[in-house]
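Chemist: Shown below is the structure under consideration.
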Amino acid sequence: MEAERPQEEDGEQSLPQDDQGWPPVNATARPWRSAPPSPPPPGTRHTALGPRSGSLLSLQTELLLDLVAEAQSRRLEEQRATFHTPEAPPNLAPAPPRLLEDKEQLYSTILSHQCQRIEAQRSDPPLPPGGQELLELLLRVQGGGRMEEQRSRPPTHTC
């Protein structure tokens, strides 16, 4: 069973149609077409425009939507900007190896200064309440000289 195609009423100007009776679709419009409405069920009253008015309205709606889509497409194309990538001038050669050495030296200088700054900002951890008194008591019991003999040097921080 073949779907009913929209038909034009007599007296209206004819639109060009393809081999299946559909109006042509331009390249910028939608790639799909809406299907014509199904015929009304038997016993339904027709409108004053006749039984084919739904098909004509559907066709007109589709043509209107095609025109709107085409107008919006043209408007977007008019607003599109061109992007030109600048080409590198031929007189600029690749960076010499000296520049790389300078960058490495700068990096190591910054790193060493930051390491020294961090070491300068270090502080001793706070002692718990009564901790200082406990340390003084231990010094008296063990003797000051013995404690100094057992002391080791703290490791040096190298960054």
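The backbone N, Cα and C atoms fix where each Cβ goes, and this holds for glycine too.
Quick paste of what Swiss-Prot says about this protein:
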| type | residues | note |
| --- | --- | --- |
| REGION | 1-54 | region 'Disordered' |
| COMPBIAS | 34-43 | compositional bias 'Pro residues' |
| MOD_RES | SER34 | phosphoserine |
| MOD_RES | SER38 | phosphoserine |
| MOD_RES | SER55 | phosphoserine |
| MOD_RES | SER58 | phosphoserine |
| DOMAIN | 61-83 | domain 'GoLoco 1' |
| MOD_RES | THR61 | phosphothreonine |
| REGION | 77-97 | region 'Disordered' |
| COMPBIAS | 87-97 | compositional bias 'Pro residues' |
| DOMAIN | 103-125 | domain 'GoLoco 2' |
| DOMAIN | 131-154 | domain 'GoLoco 3' |
Chemist: Taking just the CA atoms, what is the gap between THR61 (phosphothreonine) and SER55 (phosphoserine) in Å?
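Modeler: Distance (Cα to Cα, whole Å): 10 Å.
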Chemist: Could you tell me which of these modified residues, SER55, SER58, THR61, has the fewest other Cβ atoms within 10 Å of its Cβ?
Modeler: THR61
Chemist: What kind of secondary structure is SER58 (phosphoserine) part of, going by DSSP in three states?
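Modeler: For SER58 (phosphoserine) - judged by DSSP and reduced to three states - the answer is helix.
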